[in-house]
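These features come from Swiss-Prot:
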BINDING   71-99  FAD binding site
BINDING   672, 674, 676, 678, 683  Ca(2+) binding site
DOMAIN    623-658  domain 'EF-hand 1'
DOMAIN    659-694  domain 'EF-hand 2'
MOD_RES   601  phosphotyrosine
TRANSIT   1-42  transit peptide
């Protein structure tokens, strides 16, 4: 009882201080908003999309070429750039957006997949009485609620458990989390609560039990980041923005303002990356929303511009779904080096991350083995010793570059800005940098406000609060049932389509091929263990997918869930895209090779394959080597030193096991390091050595060969005197 009174007293004191800060900050926030909107001139805002469907990429390119001048040209198709385009076009501004790669090809698709207010920022705000940190949290919590509302199919609340291993931490964390709920106010998703040790283990049975005191559960949001980014860009296109991916800005256009005599940025020279065609896109205002590449565009404007971006790499890994409960995440608030690690269920898998390492800016960040192992070690610290955390259980890994920035207008140019920065150069180039995924909308609003004021544009107020993104307006939690009933899709596929496309899922279902089976009637899967279907490839092209990498990483999320499954699906994906886009054989092969290179370097396949090669010398006991050699030779009956698909088929037929040829090719390809269609004895021994060390989670070939050996050993010859054939 005394303990509860002490805790309540702490809350009252902390809450009183926070209420004072809250009141002052809200008044200041209101004044800032009024000042921002004072200069906005009346204009006709667009209340409904002008296009039922986004125009084709070809149509968008024609609009870019044939429009004499846009009001706004946004460079960058990530979350912030797409948000700027949507904010501008819905204010009635003539808007264009160009992206040198694909929408969400950079940092925006490589996040932790959380929509959060920032618990740690609130802790700093209270401990240091930092009003800026508090405002960041307040703004993020408002934006979190808005994002969950406007894209309900792509986002949902997620309970996150904070395990406590020291008794004094329980009231400390509880007060902090309750203040997080308090700051959220009406935007609080669900109230946080405390769990006893036994209840915590019920929810998270694989948790480390020793010294566990209890746990605190709070709520944040989770989303499908690349699909969310795409939904923002597609919504902007439907409202009339000319958006084009694979359009690179080669240089900025400039002209002298006749009224002031100053040189002003007046557009950009753009190059179609797919065809090489170049043309000018003119605009009254150009916005630089290029994330980690902020400085490269600023230097196009002014070659002497000081760098403001300090890039930091954040690595994440994906592990099998059994590593976490299906509907609850875990937060490690203090890792061995002071970082925060999240451990979250996502798309029926488990995401663990992230790291925070200074890096160079690159279009192709590669996850390092050091960072992967750091995350694995932190996971081991929090999971029960009964759970063996193996390197081979890493199904995919990626690195995203955080565009941390310094404010060029600040007196202390060395300090990292914890919020976003809107900078206006002497020539009128507007740069938006920093911030985080959750606050993309408010960042876009601030940026367009600055553009309207600086360039005297005629625009209405921002309308993006509550504006549904594509697929969200008519979505409901039971929409998938109609897909099952009306089209004959299997339930898992229907749920996936509803959660990916929202009310547009019916259009995908209409494209689905007949399976030829009694059930499901339609919906041929790309790979058996994931609910992605072939119709999504056709529909993905309508969503501006231009390459196989677009399809495996951002239209579907296969590359982020399992690199091997993505590689297995690639040939069929390329075949389907080739039909729609009229690719010849050379183009198809080029797409295959590019996509495999992407999986190998950027999605962790290289690190995964190194567990079998560079770092996996054969370290088996002599008895194990003999045992595996005997198993191998049961397949290699001709003593060739290698086995082929024919050898495997022969053994399987002898034990009455049927398996189609495509599956067998996939099974052998997993182990065929030389990619010569043969699995050599040395490759097989390397595989078994890696499995024993836990560097590889398992192999279908290894399991198949073990099962075949056991079946062959059981077939002992029947003695003549027991076969009814003796005399």
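Backbone N, Cα and C atoms are what each Cβ position is placed from, and that goes for glycine too.
Taking the features listed in Swiss-Prot, we show where each one sits on the structure.
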residue	record	contacts (Cβ under 8 Å, 6+ apart)
71	FAD binding site	88, 93, 94, 95, 283, 284, 285, 457, 459
75	FAD binding site	81, 97, 98, 249, 268, 286, 287, 288, 289, 290, 297
79	FAD binding site	104, 108, 225, 228, 229, 232, 437, 440
83	FAD binding site	232, 440, 441, 443, 444, 464
87	FAD binding site	441, 444, 445, 447, 448, 462, 463, 464
99	FAD binding site	76, 77, 78, 81, 105, 243, 244, 245, 246, 247
601	phosphotyrosine	364, 366
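Remark: secondary structure over the domain 'EF-hand 1' (623-658) totals 23 helix, 2 strand, 11 coil, with classes taken from DSSP. Of all Cβ atoms in the shown protein chains, 28 besides its own fall within 10 Å of the Cβ of residue 91 (FAD binding site). The two recorded residues residue 91 (FAD binding site) and residue 678 (Ca(2+) binding site) have their Cα atoms spaced 61 Å from each other. Fewest other C-beta atoms within 10 angstroms, among the binding-site residues 95, 678, are seen around 678. Mapped onto three states, the DSSP output places residue 95 (FAD binding site) in strand.
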